[in-house]
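Feature annotations, reproduced from TrEMBL:
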| type | residues | note |
| --- | --- | --- |
| SIGNAL | 1-21 | signal peptide |
| DOMAIN | 27-122 | domain 'Yeast cell wall synthesis Kre9/Knh1-like N-terminal' |
| REGION | 125-228 | region 'Disordered' |
| COMPBIAS | 139-151 | compositional bias 'Low complexity' |
| COMPBIAS | 152-167 | compositional bias 'Acidic residues' |
| COMPBIAS | 193-209 | compositional bias 'Polar residues' |
Amino acid sequence: MHTFTVLTLLGLALVSQSALATVVIDQPWSPSVWQAGRPEQIHYRVEASDEGDAAAPERLQVMLLHGDPDDAHYVKTIDASVDPMTSALTWEVPKDLPQGKDYFVGIDDGSGRWAFSHKFQVENPHPVASMPTARVSSKETSSPSKSSSTPEESDGLESDVEDDSSADMESLAASTVQPTPEPSATEESESELNSSRHSWSITRSMTNDHSSHRRPRPTNHADKDELVDAGESAAAVFRPGHGLSLVTVAGLLLYTCQYS
């Protein structure tokens, strides 16, 4: 009894699974071109299975994918809940969507089965840095590349070099440019005293030199007594009775004048 019930339930599940309708995407097709910033159309339809009437999915989830259907990269969610009976959807392409090929639309019917469109191209006149896919974004946030850390280390080295250079320049300026100390009152007094002594010494030296160059007086001249005696002798010469000549008198006078 229990075996029959289990087999019955399995059979009903297989029938319902096989009788589920299939979603088919008609647009975009290849080679379609979508323009960034402009609205684009997505057309789809729900087909019955070969077994007859099929149950249509309740809601559809439409996504923009990139790459290959076997290894699709998620890009954007176009609509998370679409009525299968509408058969059409208008979506404005984001302005920040990178230009490129291998874009396609994927529709999930809620049972794990996907429908994929043909691949198409996206044109964007404005450059975009990178593809905003889930896989690329995850790698960028979890494991930063080595190139992002290299400039930081380089900036730190330059800063150290600049700091060392500034310190060396300040040290050099401090060692070479020093203010001249002003002389104190005591030092000025001693300087003036030394200058006066030096001037007095020079004046005395010049006076001694001048005195040493004066013409010396003769030391062998007759003193006053001798001059008196010489005068008396001369007077005696002119006394009457002496026969000295005028030449003798002139010689005595010349001698007296020379040594006086």
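Using N, Cα and C of the backbone, Cβ positions are placed for all residues, glycine too.
Any TrEMBL annotation is an automated prediction that lacks curation.
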Legend entry - Arithmetic mean of per-residue pLDDT over the domain 'Yeast cell wall synthesis Kre9/Knh1-like N-terminal' (27-122): 90
Legend entry - DSSP residue counts for the domain 'Yeast cell wall synthesis Kre9/Knh1-like N-terminal' (27-122), split into helix, strand and coil: 0 helix, 55 strand, 41 coil
